[in-house]
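> Mind having a look at this structure? Questions to follow.
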């Protein structure tokens, strides 16, 4: 069972409970038993599942709940809280300080440590964005081609690197590399080690020696989410050998069961700091347990959505966009810009899962590529339009001759141009419903949480989505998140210094 399916099963169990007339012990037990089965089938270890069930029953004591309490809501919150605890041990990972050398050592199972093509360059991109001066040391002398791969990734990312084609002692190479980069004032030195299994005693001893020699400030355990039921024992073996302080999970792209991931996090008692959701660099992201579980259960992650949006929309354009929103003005040029922003935000499936009431698996396999291709076709057609056409807010400007000219210029057929214009009309109608939002002219995102603005926005949302986020009160809460300007977590779970 993939993680997306796990989320669907848990949501289904909660929905069945919500449909019961009276919430009693039987209704609660039926719900928890279904969730338990789903977790076990997803390879979550039995002790972990049993502990979760026990904790929920301690929190939700139906006999002690006074009349008038929303039992359904309390049960849902308890389930959410316990799922978050599985992925968040409540510890903050080490946060490196700029201009002060910090050593980070990567360990993991054979076939995982820095072998996934997007892991090194993706992480380095995030590191450099935060103003660090990183360097890479290849202490993997076990795997053929390890140094070549690290060298290629480092060169591509313009990151200094150290390794040896002739040396066979990984401890010596690691120490030499760390010493060199400390002298060069690199403030984040990443040491890549060989992948290993708990059965390989010699490689575990090698890992311990590298750790003792380089004295890393942080040891990161890299794991593949498809590892399955052995995850708990493997992760515990690493934790018992070196001081694992953080976890990176790869292949969280929906093809693996993923439940072993929850077990491994519990075994290391260390926070997850990054997850890889695909094969590309934009599919590697900072991890936060609460938004992740919220998306898993179909409740979305509006703060994450807004953060992504703010990354792709230049700051100087944000007030202008909000002002046009408040006046209900929507042109093809605006639609073009928003399509571009959508593509820049990363995989549509991930963006889709951030919206309340939606889940990643609701976008069928293959549909994501089809949707992206359609957006690009629409943009190609708009590239064949004049400035007058792009800036007009009147769809009637497109007569037959203009439509034929656009079709010829973009290499598309007339029917496709008509389809694109119909989509524009639909979005224009939706945009018009939020006309009149107050206090947005100066880019004041917090104004979205005002009562009148929330009422205006509720007209745009589908009824099912509005219900999913908790009606008007839930919408106002989401709008407050959007306007809060909440900072992203620090690079390794802490804050930037």
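Cβ atoms are placed via backbone N, Cα and C, with glycine included.
Heads up, here are the entries from Swiss-Prot:
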REGION    1-297  region 'G-domain'
BINDING   108-117, 192-196, 250-253  GTP binding site
REGION    298-497  region 'M-domain'
> Any idea which of the binding-site residues 194, 250 has the thinnest Cβ neighbourhood at 10 Å?
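So among 194, 250, the binding-site residues given, the one with the fewest Cβ atoms within 10 Å is 194.
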> Can you name the residues of this chain that are 6 or more positions from residue 108 (GTP binding site) yet have a C-beta less than 8 Å from its C-beta?
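Within the chain, residue 108 (GTP binding site) has Cβ neighbours under 8 Å at 195, 221, 222, 223, 238.
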> Restricting attention to the region 'M-domain' (298-497), give the mean pLDDT.
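68, rounded to a whole number.
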